[in-house]
Each structure stands twice: as structure tokens, then as C-alpha cells.
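Taken straight from Swiss-Prot:
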- CYS83-CYS176: disulfide bond (DISULFID)
- ASN53: N-linked glycosylation site (CARBOHYD)
- ASN68: N-linked glycosylation site (CARBOHYD)
- 1-15: signal peptide (SIGNAL)
Amino acid sequence: MKLLLLCLGLILVCAQQEENSDVAIRNFDISKISGEWYSIFLASDVKEKIEENGSMRVFVDVIRALDNSSLYAEYQTKVNGECTEFPMVFDKTEEDGVYSLNYDGYNVFRISEFENDEHIILYLVNFDKDRPFQLFEFYAREPDVSPEIKEEFVKIVQKRGIVKENIIDLTKIDRCFQLRGNGVAQA
């Protein structure tokens, strides 16, 4: 277990150093996270995890900071073609800005600001029983973002080893908006 945590720490430190080299990416101020978010992109080095019926094909609705520094989030996903909701709690780790979660394996992730505090990227490393994989989730405060911001995200994840075929633009699919409490219609 100690070896796993050491490897994980090294992965996240390297990812953070890479992020710091990009002008567009910064550590996110967690005090600003509470509220509605929309899933814009999913990207992974294991595409089947984010394809239709993949375990990581989830759509964010709300994220809230909890008093104990953990995060609470509500997500939607499709199960047998039906939209369903489920909550998650992300536990704060000892490393600043890093959270963990048991979901389809053990996950550790960092939240980074992208362009401004209206856009965030979750960089997640999953240690499942089969093999580890990385996942990038791009969230925004609005249901869609400009083509320029989308292009920037694609460049960022490609620099981190994700091939274009493993990047899914979620704005072009049903993201289960009908379950959201705000009445947003799917485009």
C-alpha cells in the first residue's frame, strides 16, 4: 500500500509540474467550487472506460465543498439507456488539492483551473484491479464552451499522452439534462 501511495504521489507531482508549465492551467481555489457544473469533455488512455456504458462515462451536476474539506458531488449516468443519478464524496488527502475516491477501483485526482474559475479539469489516476489508467474530465459553469477553449483542452490532454480518438466531446451527446433541477434542455 505504501508503494502504491508513493507511486501515486509521484504521478500527481509530475502532473502538477507539467500543469505549471501551461499558462492556461492553475491550481483551483476549492472555496469557489460549490455550485452547478456541466461535463464538457472526457478523455482517457483507456477509451472503453469513457465510451457508452463505460464506468467513467458520468455527467456532473453539482459539486459542494464540505466542512471537513471533502467534496460532495451529484452525477448522472446512463444505465441500460436510462438516465440515473448518484452521489459521490471525494475525500481530501494529505496532499493539498488532491482527493481520493473508491469507484471502479481506487482513484486519486487533482482539480485544476482552466482559463478561468468557470472551467475546471479533473486529472484522475485510477488503480483498478485490471490496470491503472488516467482520466481527464473538463467541467464548465455553462452547458457549452467556445471552440477555442475546446481546442485548448484537446491540446492539453494530448500533451499528456491521450490520443484524439480517446477524447469525447460530451456536448454532442445526451448528458441526462432532464434529471437536472434547473430545467436546462439538451441541445
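The backbone N, Cα and C atoms fix where each Cβ goes, glycine too.
Distance between Cα atoms for ASN68 (N-linked glycosylation site) and CYS83 (disulfide bond): 30 Å, as a whole number. The distance from the Cα of CYS176 (disulfide bond) to the Cα of ASN53 (N-linked glycosylation site) comes to 14 Å. Annotation for ASN53 (N-linked glycosylation site): same-chain Cβ neighbours under 8 Å, separated by at least 6 residues, are LYS78. Ranking the disulfide-bonded residues CYS83, CYS176 by other CB atoms within 10 A of the CB puts CYS83 at the bottom.
Following the DSSP three-state reduction, the secondary structure of CYS83 (disulfide bond) is strand.
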